[in-house]
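Visitor: Below are the structure tokens for one structure; questions will follow.
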């Protein structure tokens, strides 16, 4: 399902990031910190009253060296292009400024709903001052203290009220995948090569109102796929096309919509921080992942090149130990024929369900190999385990005391489950719960 998008805009130091984190905090709970994963806070998922939405802090996209007015125009352009709902943040302490009026004139031209959030209204006496903001012509101003969380619920109510009507659930039998990577890694060439590889193209589908073009095709076994084209959202991508953080944001949105993510690396350039950031987001959101090293035909090789590359990838992406690696060339079509089958296998792993009886046999065998840990004379006791979700496969292990389940032992159990049931290319989640 395509989540509607909410963009936060406003001049610097009005509290955009604080509001962003406050809204994100209404939903996000981090189960574990994974070494090597870089969290990017310009894009996340929010939820209120059972409605989910993507949330963008446009201020995080700015080039801080750009002229002031250019920065805030950039924000407004992104919001008007990408968002379904715009939250315009101003400061109640400073009142209406020239910059606020400048942004409001831009936003006034859009047909998108604009929620005017007057931040830093930290005490009741300041509420009378918000009426000056009616002069911006953007409707009722909402008083807010994002630092203290006062008024956040009203902002969220307004967001949900203005979200577009929910679309029907997409066909679960269609596998959705995207090619993600830095500019110039060869994504467009890979897309064209994959689609030209004896595929039956069903139809180009307008995936969203923001001109993201999805392509449906069917393989020789009749499996349907939807390829989510990140290059752009091509039309919207004309806005600050070369801004790396903007590219990150669009990639994250594509990942959100995907079942399987093909993380494309340029063999000529190697692994960059951008790759880790995007891969970390795909891992955290539970997507299936394939690491695709493109332009393999362009580098000199010897008998050790593949193993050296694999070692380097495993070292840089330690949190993706489950992700298969494939070396391809869009130019020569080397190994491209393997990609659809890999995508299909990983989608099957994402949707795999394990009967509780079989799962518990594996857990008991694991305990026999490596007994449960003790702490201060008390031993962890595992009663049983059960699978509670797919995409990604998620298991709850019921124990006597959650505190006794050390992270390393949970990881050991995960590895035993992965080995027993061949969960290729997908993260799996294990959660320890105290039996009531």
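Every residue, even glycine, has its Cβ placed from backbone N, Cα and C.
Below, the features straight out of Swiss-Prot:
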{"type": "DOMAIN", "residues": "4-167", "note": "domain 'EngA-type G 1'"}
{"type": "BINDING", "residues": "10-17, 57-61, 119-122", "note": "GTP 1 binding site"}
{"type": "DOMAIN", "residues": "175-351", "note": "domain 'EngA-type G 2'"}
{"type": "BINDING", "residues": "181-188, 229-233, 294-297", "note": "GTP 2 binding site"}
{"type": "DOMAIN", "residues": "352-436", "note": "domain 'KH-like'"}
Visitor: With DSSP as the yardstick, break the domain 'KH-like' (352-436) down into helix, strand and coil residue counts.
Guide: 32 helix, 24 strand, 29 coil
Visitor: Whole-number answer please: how many Å between the C-alpha atoms of residue 16 (GTP 1 binding site) and residue 181 (GTP 2 binding site)?
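Guide: Checking the Cα atoms of residue 16 (GTP 1 binding site) and residue 181 (GTP 2 binding site) gives a distance of 28 Å.
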Visitor: Measuring Cα to Cα, how many angstrom lie between residue 10 (GTP 1 binding site) and residue 181 (GTP 2 binding site)?
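Guide: It is 29 Å, counting Cα to Cα.
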Visitor: Far apart in sequence but close in space: which same-chain residues, 6 or more away, have a Cβ under 8 Å from residue 296 (GTP 2 binding site)?
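Guide: For residue 296 (GTP 2 binding site), the qualifying residues are 267, 327, 328, 329, 334.
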Visitor: Could you tell me which three-state DSSP class residue 181 (GTP 2 binding site) falls into?
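Guide: Note: residue 181 (GTP 2 binding site) is coil by DSSP, not helix or strand.
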Visitor: Round to the nearest Å and give the CA-to-CA distance linking residue 184 (GTP 2 binding site) with residue 121 (GTP 1 binding site).
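Guide: Checking the Cα atoms of residue 184 (GTP 2 binding site) and residue 121 (GTP 1 binding site) gives a distance of 46 Å.
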Visitor: Using Cβ atoms only, which residues of the same chain lie under 8 Å from residue 181 (GTP 2 binding site) while being at least 6 residues apart in sequence?
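Guide: Spatial neighbours, sequence-distant, of residue 181 (GTP 2 binding site): 187, 263, 264, 265, 266, 275, 278.
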Visitor: Residues with Cβ closer than 8 Å to the Cβ of residue 13 (GTP 1 binding site), same chain and 6+ apart in sequence?
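Guide: The list for residue 13 (GTP 1 binding site) reads 91, given in order along the sequence.
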Visitor: Can you tell which of 58, 184 has the least company, meaning the fewest other C-beta atoms within 10 angstroms of its C-beta, among these binding-site residues?
Guide: 184
